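According to TrEMBL:
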type     : residues : note
TRANSMEM : 12-32    : transmembrane segment
TRANSMEM : 52-76    : transmembrane segment
TRANSMEM : 83-103   : transmembrane segment
TRANSMEM : 118-136  : transmembrane segment
């Protein structure tokens, strides 16, 4: 049986191997792409906030992208990675409960699509919690 060992990148707890960085980038990709879309289509961002009942919509249309990009930067930089990951886990759960209320949709395609999206986002939140736990454990060991 072949054993694969992660590349050690030094003693700083937040540093990641190339593979780890690419995995973290993939995990954060929606939290980078989404804010950039909102920046380049601010009226669309305001409309999205209005759609979900977030007021004042312009404030949320500015604050949400800043938050998503800042938390992604924490995760990718390794500086307070655990904090960025936990923040995005909580944010994702809250946004999922707000946006994918499958239990309010009658049975059928839309119900199934919303339910699938809901549980995909629950899984995404779980992945962020896992990133936070791994980072906290590395920090506790001083690696």
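Along the chain as shown, the residues are counted starting at 1.
Cβ atoms are placed via backbone N, Cα and C, with glycine included.
Panel annotation: around the transmembrane segment (118-136), residues 13-14, 24, 27, 30, 75, 78, 81-83, 85-86, 88-90, 92-93, 95-96, 100, 102 of the same chain, lying at least six beyond its termini, place a Cβ under 8 Å from a Cβ of the stretch. Sequence-remote contacts of a segment are chain residues at least 6 beyond its ends whose Cβ falls under 8 Å from one of its Cβ atoms, and for the transmembrane segment (83-103) they are 28, 31, 52, 67-68, 70-75, 111, 114-115, 117-118, 121-122, 124-126, 128-129, 131-132, 135.
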